[in-house]
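Below you'll find the structure, written out as structure tokens, and then a few comments.
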């Protein structure tokens, strides 16, 4: 009868999953409590009733009943800190029969207690065991005190360290978190398949680990809490996007507002970053040259500047440039459109040879140009990508993930305008490929291409090559060929005249479409960093140089290497702190590996865009290679030049993600597969960590800026 009751009880337990889960939870908690663990992070602290003199000292000696246990044990010395004398005990002394303490030069201070505490990096966590002064036999001679801890007192302290071990706390936390996860799945997410629920838990756990790493930083509480809030805020946004895109009529209705929220958050994040750079830490590369160009243009107002007479002025950061007191030759040689537009910013004046301006206003205007470009990027991606919230969150974050996107344009730099002009060109080209042959399409293409060419040559090459590829593709389509004969096309081509005229004048004047430092100022060039004497040059084989170039090219994508206070030494392009940004740059080129007939019209357009970027990269590599072997120059390898084409890179990335992980539901609503949801959610948080946090905010300069 007893065996039958026992069997029935076991059957009831076996048929009740909740009872099994409860039993396993109790067993796990008991195991976490009773599992034997050694003492960790232990410290013995003698607490006095007042501050002890700074010259106080102490020594601890261990005595053993068996001489063989004393082998290797040496006396230890205590350190002074306020009311306390402390030391980290040698585990070899835990079997001692007595511990003898000799304290000297403590003045009138009286021993209150002896604490066995858990202390990490000189930060008190908690007290594991306490021995009051009443339980000690104190012997005082003048300002010296001595006492012994008995074997039983030592064992009690060691037992306290074992019981209140930090590892045990971690085990208990893990068990309790595991219980909470099980309850959450059973009570709130029972309909979610276990593999995807577990994947979501993994993303949350990794984010929590990141938050813990931030909290452990040696920084102000405000800085750490700000970064943790950013991290957790994006985790919540990722979860909201995943839920909104998980299907169902009610959830699908939230797709549009959630997607709009993604792009708004992106713009707010970019603006916030820009304000931090402008107000607390503005160090845009080559800003002294750009400010000097602007001052020179204000004084001369030339549509085709006299680059040979252009100089750099040392005082520009104070808002003043005396054109009669130059510092060096200005090697920029860029087209003037950006600088002419910046002259519209209030506060720029000329008085004789002195030009004055408000540097902060100019930087803010440059940031607003960038935000305008990002807003156009957001519209283009919002209107062309499938309505999948997570895909748009990836797109929004990818636009601003590279640290140089916002940092460079928070200073006076023509890169700020390049993003806007290139994106307008891409917008027009997208409309052309969509067979929308109207005035707006041609105005966007011609206006965008012309303004891009009048802003920066690298950006102009990308835009011009893209347009060339589209025209070549149009030759193979009857309707597209006819579109090139429409009046809308020919009536907008005069928009290219300013760019054509500018480069024609520059070529006639300098025999080059971009004047070079070497030709305009040979003596200055030879003494600059752009040229090195043979005795000072690095010696690399072609393969060594290719390796060096790729390494530095990628490095300028995920870091700001020209900033001396953010060195990020020891970090590689495939480190956990950078891999997301490396993938952001590399993965979009996979569109070129897909067959032309398999890509469709959108895929072929993106292949043209990535092809234009690739050809421009090869042109840059060739210039850098020649510069190294001819002039000894090891620069000219910055990848930030391609941020102007970020809309192409991000569009290609998201198109590939949709191609690899997209599914069509029965209601024809676009969605991601389960693995696609996991990939996009994980990549989103990686972009936050590697892009928005690691390059600046998690560095000492960034922590100080937001303190």
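Every residue gets a Cβ built from N, Cα and C, even glycine.
Residues 542-558 are the range that TrEMBL records as transmembrane segment, among 525-541, 542-558.
Per TrEMBL, the range carrying the annotation transmembrane segment out of 106-127, 128-149, 194-215 is 194-215.
Sequence-distant contacts of the transmembrane segment (361-382), counting only residues of its own chain at least 6 positions beyond either end whose CB sits under 8 Å from a CB of the stretch, comprise 259-260, 263, 266-267, 270-271, 274, 278, 282, 284, 291, 294, 341-342, 345-348, 392, 395-396, 399-400, 405-406, 409-413, 416-420, 423-424, 426-427, 430, 646-647, 650-651, 654.
Within the chain carrying the transmembrane segment (412-430), a Cβ under 8 angstroms from the stretch's Cβ atoms is held by residues 284-287, 290-291, 294, 334, 337-339, 341-342, 359, 362-363, 366-367, 369-370, 372-374, 376-377, 380, 384, 405, 440-449, 451-452, 455-456, 459, 462-463, 466-467, 470, 605, 609, 640-641, 643-648, all 6 or more beyond its ends. For the transmembrane segment (442-474), the list of distant contacts is 334-338, 414-415, 417-418, 421-429, 431-433, 480-481, 483-484, 488-489, 491-493, 495-496, 498-499, 502-503, 513-514, 604-605, 608-609, 611-613, 615-616, 619-620, 641-642, 644-645, 648: same-chain residues at least six beyond its ends, Cβ to Cβ under 8 Å. Residues of the same chain lying 6 or more positions beyond the ends of the transmembrane segment (542-558) and with a Cβ under 8 Å from any Cβ of it are 402-404, 573, 578, 581-582, 585, 621, 624-625, 628, 634, 637-640, 690-691, 695.
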